[in-house]
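Written out below as structure tokens is the structure these notes cover.
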Amino acid sequence: MDFITIDLKERSYPIYFAYDSFDKLGEIVKKHVRSSKTFIITDFNVYPLYFEKLNESLKKSRFDVSYEVIPAGETSKTMEMAQRLLEKAYDSGLLRDSSVIALGGGVVGDIAGFVAATYMRGIDFVQIPTTLLAQVDSSVGGKVAVNLKKGKNIVGAFHQPKMVYIDAAVLNTLDKREILGGLAEIIKYGIIWDFDLFEYIENNLHEILDLKEDKLKHIVKKSCEIKGKIVSLDEKEENLRSILNFGHTIGHAIEALTGYEWYIHGEAVAIGMVYACKLALNLGYIDEKYFERIFSLIQRTGLPTDYEDLHKEDIIKAIKLDKKNRSSKINFVLPCGFGKVEVISVREEEILKVLK
């Protein structure tokens with residue numbers, strides 16, 4: 001099975017790439033966890049599609065499986081839900097050598113990882129992402145968290161998985177909106193690190209949106225390689241890793257202000273990238289031609305490029321809660337060339353100029 005390795009010394013782990021191979025998962029997981037006792041966390045959307053396949057494969061490999069199904073969506077990523085899951089883990093008899101398996105999208109991965117990171121001060125964690133967004137972003141890198149009412153991912157930890165399993169066949173069950181949400185993050189990687197990837201998406205957009213297997217595999221694997229490289233260089237987001245937040249400063253603000261209900265994460269990031277580029281254009285970091293190229297690709301995908309019914313003053317307030325803003329400064333990840341970004345301290349009045 002094809003795989004890459006995320007290099008974190010003694011905590012390195014593989015990302016496996018497969019197609020419709022859930023029957024092999026039990027054998028693979030067994031190689032990477034310490035005991036056969038495991039706790040699957042999934043949601044009501046994913047449960048009828050893949051739970052039985054995973055459960056059967058694990059039981060063939062003699063796993064003792066317990067599980068919990070949670071409501072789909074960002075509103076499940078709360079301290080209250082985490083407590084419920086932690087209590088279920090305890091009631092199910094999980095010990096320090098047990099594991100948690102996340103079967104689902106980014107929300108499931110985030111909250112399952114948070115449970116794994118905090119239960120008995122940290123137990124083994126396995127990621128099986130079932131959305132394009134989770135495959136290329138949240139399943140890689142070890143950031144796990146839950147939301148507070150006033151901000152996204154405020155309570156969390158760094159807890160690396162023991163392995164990640166990416167099955168391209170699951171993308172066939174996603175609706176177009178979910179595919180586009182993941183594509184927003186892939187476009188992000190092209191802007192911040194590898195402009196060849198950006199150009200590949202420009203040149204193959206139609207086939208990507210048609211879910212051509214070879215095109216999807218290329219952009220998913222390339223995205224994981226890019227994020228893996230960045231994470232291996234800066235695991236705890238002390239410097240370089242913060243560039244992964246391109247588009248997320250305004251994106252997270254939009255999500256919080258709309259109660260995580262109006263926009264899915266990738267849509268908010270797409271809007272955030274457009275506004276980060278507008279800010280970079282105003283400040284002279286990029287020219288009009290560069291801005292138009294990025295705006296054009298995002299628009300061609302069908303992703304939103306602007307927000308509705310929000311006040312700029314409220315967006316500023318939400319931005320100030322952003323974890324990237326140390327001290328009183330407002331930090332933005334801004335493009336400054338092809339495949340290159342920088343973290344820039346920006347004055348509040350400059351941000352207000354580009355917000356509508």
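Keep in mind that glycine also has a Cβ here, set from the backbone N, Cα and C atoms.
Per Swiss-Prot, the candidate among K88, K152, K162 that belongs to the NAD(+) site alongside G106, V107, V108, G109, D110, T130, T131, K143 is K152.
For D110 (NAD(+) binding site), the spatially nearest entry among the binding-site residues E185, H248, H265 is H265, judged by CA separation. Its Cβ placed at the centre, D110 (NAD(+) binding site) has 27 other Cβ atoms within 10 Å. DSSP gives K152 (NAD(+) binding site) a strand state. Other Cβ atoms within 10 Å of the Cβ of K152 (NAD(+) binding site), summed over all protein chains shown, number 24.
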